[in-house]
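All remarks here apply to the structure that follows.
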Amino acid sequence: MTILTHTLGFPRVGLRRELKKAQESYWAGNSTREALLAVGRELRARHWEQQKQAGIDLLPVGDFAWYDHVLTTSLLLGNVPARHQNNDGSVDIDTLFRIGRGRAPTGEPAAAAEMTKWFNTNYHYIVPEFSKGQQFRLTWTQLLEEVDEALALGHKIKPVLLGPVTYLWLGKVKGEPFDRLTLLTDILPVYQHVLAELAKRGVEWVQIDEPALVLELPQAWLDAFKPAYDALAGQVKLLLTTYFEGVTPNLDTIIALPVQGLHVDLIHGKDDVAELHQRLPVDWLLSAGLINGRNVWRADLTEKYAQINAIVGKRALWVASSCSLLHSPIDLSVETRLDTEVKSWFAFALQKCGELALLRDALNSGETAALEEWSAPIQARRHSRRVHNAAVEKRLAAITAQASQRENPYEVRAEAQRARFKLPAWPTTTIGSFPQTTEIRGLRLDFKKGNLDANNYRTGIAEHIKQAIIEQERLGLDVLVHGEAERNDMVEYFGEHLDGFVFTHNGWVQSYGSRCVKPPVVIGDISRPAPITVEWAKYAQSLTDKPVKGMLTGPVTILCWSFPREDVTRETIAKQIALALRDEVADLEAAGIGIIQIDEPALREGLPLRRSDWDAYLEWGVEAFRINAAVAKDETQIHTHMCYCEFNDIMDSIAALDADVITIETSRSDMELLESFEAFDYPNEIGPGVYDIHSPNVPSVEWIEALLKKAAQRIPAQRLWVNPDCGLKTRGWPETRAALANMVKAAHNLRQAK
């Protein structure tokens, strides 16, 4: 039984982000649809060939998406919201873009569908919308066309489909409430049709993704898998594919299904290979997800070999990436600026394909010399001085419970803060960033490229900060910010100033649509060699008598939005960051900054997939925040900002952060999010966002007033702040001025109405 290699998917965007550039050019009306489609064809052909040359035996087809693979599945099934449909009922690429982003070169603009995180990754998918009695039919044949493309190029392929149960699980009901699981019988005929078309083309194996099988699903959803797969059986061999967690808790459901193989994530799950081998039907193929698809680290292939070798020859076996390589950058070879030693520790998507080929060859032959040679750098890393900092490890080990406790409870602190700041009722502020103009971006780029010296760069940044303070004073805001002109990204900026991080030059990964991010990589113990934000905060404060907030990104968010180390726990990384930023809080305070905001937008999205694992995560996540903040004196006010849509299930932890003020995103929910805080009797101060910064629309004074009055019905007015939903980085100055002026006016009106 020869072992084969395959990947669950490959990055779509292209080494130079060609897809992003083609999409944005098309959306702007600067190129034709045909030009966009040609870029897609060229990228697919290139990526198939690259994987093949790297040693992948079965190439994934159907992993490419023009925006998002869940949205592609919606179009495949004919699930197009009425507001996005073409008049003639047809479906084209502009239909897809209207659903994803609200507008396209053709058709009428309409509200985009909701977007949310793909399981516990930093990739986002477009949430399917379901309505009672809706019909499904095969309307978008992208998968079949791409299969034809790959076959014409002579490739051995494995089409990829998002499975029917997971697809329904990921969606939301719109309009009249009903159980969306009842739609299963309606979508299965479309899946049957697609599988029949694939069988006609001579396809042997189809990868059918059901990552919902790693979750703690309600029993009704678990029970739905058997009839669903009974309906899909018989046309091609099905590789039931799971990832991001283990399958053991749901294995009884899985082994009853009429499929021919199972893929398991052996990186992020705790499944035991011997137990899987024992419990799976003897004629099933096992696809072992041994290479991490979500990180940038070179694998220790000697460990992977030992993990799987015991079952070689005992059942059909493939070796694979743990999940799609979508979550990894494409090619390490173009990272010419990385330090040689550090570079030897990494593997990007193409290198991970090579790792699979090395592992396959060793498992088939029993010869392991190549594995030992490949693994030597990652083994040597364990003893590198770049990784271990004895002072950091000693400080972390010495943390006591006292380190995460403020000096006094909120009630005492609030008195000290009121006496210090003497803020009016309904105090107004913003979340942190102001518009990142072309001038600001140009200034940073020129400095980075060496076209501008440090003195001129600092003079330019200082001028933008000064203008931000002048604008805020003109508007009449009560608590000001410096505007973050010096920051490119809220995580990257801190990573650049902390030891223990490195940055790639071209390590882009897709976040959603055309948006790509370049996460920092945590390579070792984290420390702060010098103050990071103090200079600019102190300068901004010198320009005004009003308080200026110091602005920090919190430890859990920095962790969640970086590629983490694999040799220590996430808890260890978060607490190391917290200790480094604790020193920043102390230095800001010593510089006269009386209000310090520690943003934690990722606290909720970092939750483990299984609820039974939540408590442990929340315990150390909250502790990391508190270690970061607790050095502050009573009279220093600690703010935090979070942009979630759901608080109910983590309110205990939100309260346990013990921030003096929390600002949250509420405008789009019409203040309904405050129900969680009201029901919990949240004791500290809250700034419910009063307008949506993602929209260029300027809210009226009356609209903001109405929202604030609604908020005051749930939270005592003396504990309410007035602020936008989020930072204003992506907005232009004209709508920013107009919206903030109306916000300040609404607050003044409410003060006078008292």
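From the backbone N, Cα and C atoms, a Cβ is placed for every residue, glycine too.
Going by what Swiss-Prot states, the L-methionine site holds Ile431, Gly432, Ser433, Glu484, and the candidate of Asp587, Asp599, Asp613, Asp615 recorded there is Asp599. The 5-methyltetrahydropteroyltri-L-glutamate site recorded in Swiss-Prot includes Arg17, Glu18, Leu19, Lys20, Arg515, Cys516, Trp561, Glu605, and the single candidate from Lys117, Lys422, Lys709 that the record places there is Lys117. When the candidates Glu665, Glu672, Glu675, Glu702 are compared with the Zn(2+) site entry in Swiss-Prot, which names His641, Cys643, Cys726, the shared residue is Glu665.
Within 10 Å of the Cα of Cys726 (Zn(2+) binding site), the following binding-site residues from the list Arg17, Ile431, Glu605 place their own Cα: Ile431. Within 10 Å of the C-beta atom of Cys516 (5-methyltetrahydropteroyltri-L-glutamate binding site) sit 17 other C-beta atoms, taking all shown protein chains into account. Separation of the C-alpha atoms of Cys643 (Zn(2+) binding site) and Cys516 (5-methyltetrahydropteroyltri-L-glutamate binding site): 20 Å, rounded to the nearest whole number. Cα to Cα, Cys516 (5-methyltetrahydropteroyltri-L-glutamate binding site) and His694 (active site, proton donor) are separated by 18 Å. Looking at Lys117 (5-methyltetrahydropteroyltri-L-glutamate binding site) and Ile431 (L-methionine binding site), their Cα atoms lie 22 Å from each other. Within 10 Å of the C-beta of Leu19 (5-methyltetrahydropteroyltri-L-glutamate binding site) we count 24 further C-beta atoms, all protein chains included. DSSP assigns Lys117 (5-methyltetrahydropteroyltri-L-glutamate binding site) to a strand. Note: His641 (Zn(2+) binding site) has non-local neighbours Ile431, Gly432, Gln597, Asp599, Glu600, Pro601, Ile662, Thr663, Ile664, Cys726, i.e. same-chain residues 6+ apart with C-beta under 8 A of its own C-beta. Here the CA atom of Glu484 (L-methionine binding site) lies 27 Å from the CA atom of Arg17 (5-methyltetrahydropteroyltri-L-glutamate binding site). In this structure, the C-alpha atom of His694 (active site, proton donor) lies 11 angstrom from that of Glu665 (Zn(2+) binding site).
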